[in-house]
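So that you can see what the record holds, here are the features copied from Swiss-Prot:
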type	residues	note
CROSSLNK	28	ubiquitin cross-link
CROSSLNK	28	SUMO2 cross-link
CROSSLNK	82	SUMO2 cross-link
DOMAIN	7-163	domain 'PPIase cyclophilin-type'
CARBOHYD	108	N-linked glycosylation site
MOD_RES	1	N-acetylmethionine
MOD_RES	2	N-acetylvaline
MOD_RES	28	N6-acetyllysine
MOD_RES	44	N6-acetyllysine
MOD_RES	77	phosphoserine
MOD_RES	82	N6-acetyllysine
MOD_RES	93	phosphothreonine
MOD_RES	125	N6-acetyllysine
MOD_RES	131	N6-acetyllysine
MOD_RES	133	N6-acetyllysine
């Protein structure tokens, strides 16, 4: 089985920054990968298109995926509001790792983050399910609009997304 690839076209205050593509590790975390894939295509009638990265901390990560409240308190999975931690096989080994944001054990919804550094303290707490395939330079460009408290200086949005 070939792991799926999805893309995000990223904008800053409506100006295109470029495309980031992700390999989703469906071979290791099929349920988590399928959630992200389906939210990227919007095939269930809801998903990431038009949503923003509400929290960007340079040297740490870019967090997005709250397409219901747009502030980090919302989002939902394709399985219902929340779903369980599938496993912690994969680790936060460095920049480009794609992992699920959560509010404690078994609270995965749609929020995710892209690591911009090694974040091993998140191992065993957040489910890693993919990695940046192409466009890490775009993630680095997004990072420049972040701050230490996570507030962004420009609105960083997913203007388009889907499966490749």
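Glycine too: its Cβ is placed from the backbone N, Cα and C atoms.
Known features from Swiss-Prot, placed on the structure.
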| residue | record | CB count, 10 Å |
| --- | --- | --- |
| 1 | N-acetylmethionine | 6 |
| 2 | N-acetylvaline | 7 |
| 28 | ubiquitin cross-link | 17 |
| 44 | N6-acetyllysine | 12 |
| 77 | phosphoserine | 21 |
| 82 | SUMO2 cross-link | 15 |
| 93 | phosphothreonine | 14 |
| 108 | N-linked glycosylation site | 26 |
| 131 | N6-acetyllysine | 21 |
| 133 | N6-acetyllysine | 18 |
What mean pLDDT score does the domain 'PPIase cyclophilin-type' (7-163) have in the model?
98
Within 10 Å of residue 77 (phosphoserine) (Cα-Cα), which of the recorded positions 2, 108, 131, 133?
108
Relative to the Cβ position of residue 125 (N6-acetyllysine), how many further Cβ atoms are located within 10 Å?
14
Whole-number Å value for how far residue 82 (SUMO2 cross-link) lies from residue 44 (N6-acetyllysine) (Cα to Cα):
16
Between the residue listed as 'N-acetylmethionine' and the residue listed as 'ubiquitin cross-link', what C-alpha distance do you get in Å?
11
